[in-house]
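Peer 1: Here it is, the structure, as structure tokens.
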Amino acid sequence: MNLKSLSLQELEAALAPLSPSPAAVRKVFAAVFAHGAQSVEDVASARQVPRRVGDHLRAHAEMPKLAIVERRRADDGFVKYLFDSPLGGRIEAVRIPIFDEKYVICVSSQVGCALACDFCMTGKLGFKRNLQTWEILDQVLQVREEADRPVRGVVFMGMGEPLLNYKETLRAADILRHPAGFSIAGEAITFSTAGHVPAIRRYVREGHPYRLAFSVTSAIAEKRAKVLPIEKTHPLPELIAAIREYSEVRRERAMIAYVAISGFNMGREDAEALKVAFEGIRIKVDLIDVTDPTGKYLPPTPEELSAFRDHLQILKSPVARRYSGGKEIGAACGTLAATQYGGTVMPRPAEAPPSTTP
């Protein structure tokens, strides 16, 4: 049994033949996730783990591990990790500093991505496979192990569309939130979605405590389709209806991620389209400068951004500019594509064309 993949309830079921106390099972679970045990032996020999349970774990349990291939540190404190999985493929995670107090970890949910958003490097890899629960959690375990501050949040904004790996990402989030696991608050765990409407509606029905961030980028369908091909499958009216349902059921503002692209979606007509699309829906808008290493898309100039923020006042909704850090190490939104994948080496920052996406 893979100790990094089991919920507390699943662990209880797996150990039931040994008749351990609930406290003993919880101790095993906490040793893996709360305390970051490095091996089965560390778990088996943990205090308050009965000998018969420890012996059973030594004989039947495993704790696979991602291999850290590379770490890159940026001047702004962001750290990008490149992992090699024993199941195949390479994935990336980012440690994000929040002032001098804590970290948030950005994790990947898939190797590659099927959605092919035009400004996203991961989409250029194509879809390889979904990550398993343990592969998602091991990103957090290993990044946390090297952290000098507490980890207080996890965002599923790395490689892949988390709602297309629905079961595994939700299982991982539940363990992240569990008080005997990582003990991260539900509202501090966010899934970013490009707009897979059936999964969004399922998520709302099931009532999960985690937040969704909706990548809209343009409320003009023709523009959105140019950069987000999912628009052709799940068009804006369908997505906006799902966002309305999300906001109303949860009684909170929906987070609208808006990738700001110079000369593309920064005009008055773009702000007016947002107003029409989200009329009567409680939202907050996150503006994220595009970071496209190919140079095809450029971030807005300060003048463009200032003018657009003025235009957005018609929304009468909160608007914030999200800092997308780690640009020089390929850690910014949209640049996670695995430095090396299948023998192909992605350009290093010094070699890359002008930067920019999310």
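Cβ atoms here come from the backbone N, Cα and C positions, even for glycine.
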Peer 1: Going by Swiss-Prot, GLY160, GLU161, SER215, VAL216, THR217, ASP289 bind S-adenosyl-L-methionine; tell me which of SER183, SER192, SER306 is listed for that site too.
Peer 2: SER192
Peer 1: Looking at the recorded positions GLU92, CYS106, CYS113, CYS117, CYS120, whose Cα is closest in space to that of GLY160 (S-adenosyl-L-methionine binding site)?
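Peer 2: That would be CYS113, the closest of GLU92, CYS106, CYS113, CYS117, CYS120 to GLY160 (S-adenosyl-L-methionine binding site).
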Peer 1: Using C-alpha atoms only, work out the spacing between CYS117 ([4Fe-4S] cluster binding site) and SER192 (S-adenosyl-L-methionine binding site) and round it to an integer in Å.
Peer 2: 13
Peer 1: Spatially, and counting Cα to Cα, which of the recorded positions is closest to THR217 (S-adenosyl-L-methionine binding site)? Options: GLU92, CYS106, CYS113, CYS120.
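Peer 2: With Cα distances computed to THR217 (S-adenosyl-L-methionine binding site), the winner among GLU92, CYS106, CYS113, CYS120 is CYS120.
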Peer 1: Applying a 10 Å Cβ distance cut-off over all chains shown, what neighbour count does CYS120 ([4Fe-4S] cluster binding site) have?
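Peer 2: A 10 Å sphere around the Cβ of CYS120 ([4Fe-4S] cluster binding site) contains 27 other Cβ atoms.
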